[in-house]
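**Q** The structure under discussion is supplied below as structure tokens; questions concerning it will follow.
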Amino acid sequence: MSSEYEYTEKDLDDFLEVGIKLIKEAGDIAKAADRSKVSMKTDSLDYASQVLTETDQKVEKHLMTGLSKAFSDHKFIGEESISENGCIDSFSNNPTWIIDPIDGTMNFIHNNPLFCTSMGLTINRRIVLGIVYCPMIDQLFTAIKGKGAHLNGEVIHVSECRSPSKAMVICEVSCGKNELKKEANVETMKNLLKNVQAIRCPGPAALDMCWVGAGFADSFFHFGIHCWDMAAGAIIIREAGGVILDPSGSEFDFMGRSCLCASSNELAEGMQPLIVPFKVDRDFPDVCPF
């Protein structure tokens with residue numbers, strides 16, 4: 001691995017400023033797009049993750065081009081630009097933007113307004129900054145490590161929920177051909193129906209995490225999620241006073257493809273036995289803690 005990358009708080013402020021400008025421009029691209037132009041990346045069993053639109057590619061290119069012009073030594077991990085086998089080939093200490101150009105692609109192609117663009121920044125392989133923008137409802141979530149989380153410039157904080165019985169829980173249910181994953185989803189849903197106050201399935205994982213951070217819901221979990229879905233949302237929920245960990249209760253690993261977010265440690269502990277685990281392959285071999 002390369003040597004430690006040195007940076008200042010002002011650097012982070014500059015990175016955030018440029019990122020916000022670009023992500024709002026990306027929102028304009030998405031709002032103006034023809035949502036009917038869709039193709040499939042592969043014949044994978046996981047159908048939803050393989051849907052590709054022209055807008056995904058346009059937005060990712062816009063973000064990467066703009067960031068490269070502003071910061072020549074920055075690297076990228078983008079959903080649409082990873083290797084053909086779907087694996088991340090390298091991950092260095094350099095500032096690395098982890099980008100999901102359109103999170104909630106199925107919503108996007110069905111003319112549902114709940115889709116977003118997600119940009120998480122790592123330095124020395126640790127998440128230091130996150131930006132999530134949902135253009136159709138004009139929600140811009142931001143966070144810098146140690147400086148709190150914000151929605152449209154206003155400070156946000158998680159709810160005070162401590163018990164599943166009082167919790168609104170966000171989850172996403174897959175409709176692909178993977179039978180084991182569907183069975184785990186069904187069993188988990190049965191547990192939730194008996195033990196939580198409300199369940200919602202909005203669609204975009206990054207936005208789901210932000211909504212927990214803003215107190216619009218109390219918990220969110222997912223198996224099979226990718227680093228580009230989680231990187232920005234993870235720091236936003238942490239900076240909003242929330243908890244993020246692996247559903248098993250172990251430390252959160254943003255390359256591990258699973259997460260449990262909650263407004264409190266007590267709620268996270270109460271949620272863990274309700275969630276039926278599902279094993280997924282990692283995004284990157286090395287463990288990458290928060």
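Using the three backbone atoms N, Cα and C, a Cβ is placed for every residue, glycine included.
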**Q** Would you identify which residue of Glu79, Glu251, Glu266 TrEMBL lists as part of the Mg(2+) site it also attributes to Asp100, Ile102, Asp103, Asp229?
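**A** TrEMBL names Glu79 for this Mg(2+) site.
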**Q** Which three-state DSSP class does Asp103 (Mg(2+) binding site) fall into?
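**A** Note: Asp103 (Mg(2+) binding site) is in a strand by DSSP.
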